[in-house]
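Asks: TrEMBL feature annotations, pasted as is:
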DOMAIN    1-44  domain 'F-box'
Amino acid sequence: MEYIPLEVLELVFQHLKVTEVFQAAQVCSTWRALINCTHFWFKRMLQLDFGMDPELESQLKGSQIYPEDTLRLLKGACLYKEDAPAFLSYVEVSAETLKSMGNGGKLTINEEQLHAASVILLCQTPTGVSLSLRSDPKSIKDLIIFIMVLSYNSCDDVSIQDSYGWRNLCPLSKQLLE
């Protein structure tokens, strides 16, 4: 097989559906390395016309703390924007969670749904967000990324019940959890 320049591969991948890009990542390590790059997914988000808050985009681009989780967020957001039902099966979230967001509804989530909620908040602005932290989140990273995305979302009604004591995660969490 001849060598294909990465720039050409990137252009080709930008024209594939997100699910096809996921499949292409399985072909070889070179393709996987290109596809598992946040730069690729930020370009994809521009292509899908996300309209992300510039400050949030800057924070996510500069996020050296959790690069894998940021990458997962960007991949999920592109998949959600392109094919919401495929996204639901990808993250194993019920249609009820998505339905609660429809038509400007209030998003009600628990600690197991933080990743999916972060993705949904990148794509939509609900009338309200209600989060109940009753136990140890499976991934503290998911909670921090959720709080980061939520802090840049223009949602008016935010209710976070923090009975587990995660108030001191980061400066953003203190503002939102109080």
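Yeah, the Cβs are placed from backbone N, Cα and C, and that goes for glycine too.
The structure displayed is predicted, hence computed values, not measured ones.
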Asks: Please report, as numbers and ranges, the same-chain residues at least 6 past the borders of the domain 'F-box' (1-44) whose CB is under 8 Å from any CB of it.
Replies: 57, 60-61, 67, 70-71, 74-75, 78-79, 82-83, 86
Asks: Within the domain 'F-box' (1-44) only, compute the mean pLDDT.
Replies: 88
Asks: Do you know the DSSP helix, strand and coil residue counts for the domain 'F-box' (1-44)?
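Replies: Secondary-structure composition of the domain 'F-box' (1-44): 30 helix, 0 strand, 14 coil.
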